[in-house]
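Q: Swiss-Prot feature annotations, pasted as is:
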BINDING   CYS52, CYS56, CYS59  [4Fe-4S] cluster binding site
BINDING   CYS96, CYS127, CYS187, ARG259  [2Fe-2S] cluster binding site
DOMAIN    37-264  domain 'Radical SAM core'
Amino acid sequence: MKGRNWNQASVAKLFELPFFELLYKAYETHRSHFDVRDMELCTLSSIKTGTCPEDCAYCPQSGHYKTDVEREKLINLEAVLEQAKVAKENGARRFCMGAAWRSPPKRELPKVLEMIKSVKALGLETCVTLGMLDQEQALQLKEAGLDFYNHNLDTSPEFYKKIITTRTYQDRMETLKNVRNAGINVCCGGILGMGESRADRIQLLLELYQLPEPPTSIPINQLIPIKGTPLENTKAIDPFEFIKTIAITRLLFPTSVIRLSAGREAMSDELQAWCFMAGANSIFYGDKLLTAKNPGQNRDVNLLKKLGLKVPVLTEEYACY
C-alpha cells in the first residue's frame with residue numbers, strides 16, 4: 001500500500017474491514033518489511049520530572065494539576081549512565097530521555113548534550129524528548145550524536161484544542177521540521193483513548209502520513225487516566241478499536257517502527273499479542289515509563305518467549321522479580 005494517496009474516506013474503509021481481514025493485510029505488510037521475530041526494546045527515563053508549564057490534559061507532570069508526581073530537577077550524568085548501563089545489560093537497544101520542559105532551558109541543554117554523548121559511548125542508540133526545539137537547538141543535539149527526537153502530535157488538529165491550550169499544533173509541526181532539517185530521526189505518534197472519535201484517529205494518522213518523510217518510529221500510546229488530571233475519568237478505548245488503529249498504522253507506514261508505548265501495564269498479554277500481530281514491533285522495556293508503571297522486564301521476557309519472539313537475556317543482577 002506504499003505510495004497510496006490516503007484520505008479520510010479511504011482510511012475509514014480500512015476500519016470497516018472485517019477484523020481478521022484487516023489484521024491479515026497488516027501482518028502481510030509487516031512481514032514484507034521486517035523480521036517478524038524481532039522486537040525493538042527501548043528504555044525511557046525521566047531525567048527531569050514535574051512542574052511543566054504546559055497544560056496537556058493527560059499529563060501528570062503538568063504544573064497545572066495536582067497529582068502524585070514528585071518533582072525532580074534535572075538528574076546528574078552519573079545517574080543517567082547507571083540507568084543506561086542497566087538498560088543495556090537487560091537487552092535494550094535504545095535509551096530514551098524525557099524532560100518535562102516547554103523547551104530546553106539554555107543553562108540545562110549542555111548537560112543533556114553530555115548525557116547523549118555518554119550514553120552513545122555505551123553503544124546504545126539515543127532518543128530525547130525535551131519539548132519544542134528551535135533550529136539551533138536541533139543542530140546542537142545532532143552534533144552531540146542524537147539518533148532520535150520524540151515529539152508527538154498526540155491527536156487530530158481538531159481534537160487537540162480540547163486537550164492542550166498552551167502549545168499549538170503548528171508549534172509541534174515546527175519542531176518536527178527543525179528536527180528533520182538537523183538530520184535527526186523523527187519519532188512521532190499519538191495517544192488513543194482521550195475521548196477522541198474514530199475520525200480524529202484517522203486524521204492523526206493522515207497528519208503523520210502527510211509529513212515530508214514518514215516518522216522513523218511511531219509510538220502509539222493508550223491513555224493512562226491519572227488522578228488529578230482532567231482525563232482521569234475518561235472511558236477506556238475499545239480494545240478492538242485500538243488493535244485496528246495499530247493495524248492501519250502499519251498499512252500506512254510499512255517501513256516505520258511502531259512502538260506499543262504507554263498503557264501496556266493495564267493490557268493483557270493477549271491484547272499485546274494482537275497488537276504485535278497488527279504490526280507493532282517495539283516496546284518500552286523496564287518497570288517505569290517516565291512517571292507511569294510499565295510491565296516488569298520478567299513479564300515482557302515471558303511474553304516474548306510465549307510468542308516465539310527474540311528474547312533478551314536478563315542478567316541476574318538486574319532482573320526484575
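Glycine is no exception: its Cβ is also placed from the backbone N, Cα and C atoms.
What you see is a predicted model, and the numbers here were worked out from it, not measured in a lab.
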Q: For a quick check of packing: other C-beta atoms within 10 Å of the C-beta of CYS52 ([4Fe-4S] cluster binding site), how many?
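A: By my count, 21.
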Q: Taking just the CA atoms, what is the gap between CYS52 ([4Fe-4S] cluster binding site) and CYS96 ([2Fe-2S] cluster binding site) in Å?
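A: That separation, Cα to Cα, works out to 19 Å.
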Q: Taking DSSP three-state, what's CYS52 ([4Fe-4S] cluster binding site) in: helix, strand or coil?
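A: In the DSSP reduction, CYS52 ([4Fe-4S] cluster binding site) maps to strand.
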Q: What other residues of this chain sit with their CB within 8 A of the center of the CB atoms of CYS52, CYS56, CYS59, the recorded [4Fe-4S] cluster site?
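A: The answer, listed by sequence position, is GLU54, ASP55, TYR58, PRO60, GLN61, SER62, HIS64, ALA100.
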Q: Going along the chain, which residues six or more apart from CYS59 ([4Fe-4S] cluster binding site) have their CB under 8 A from its CB?
A: CYS52, TYR65, ILE226, THR229
Q: Could you measure between CYS187 ([2Fe-2S] cluster binding site) and CYS56 ([4Fe-4S] cluster binding site) for me? Cα positions, answer in whole angstrom.
A: 19
Q: In the structure shown, which of the binding-site residues CYS56, CYS96, CYS127, CYS187 has the fewest Cβ neighbours within 10 Å?
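A: It is CYS56 that, of the binding-site residues CYS56, CYS96, CYS127, CYS187, has the fewest other Cβ atoms within 10 Å.
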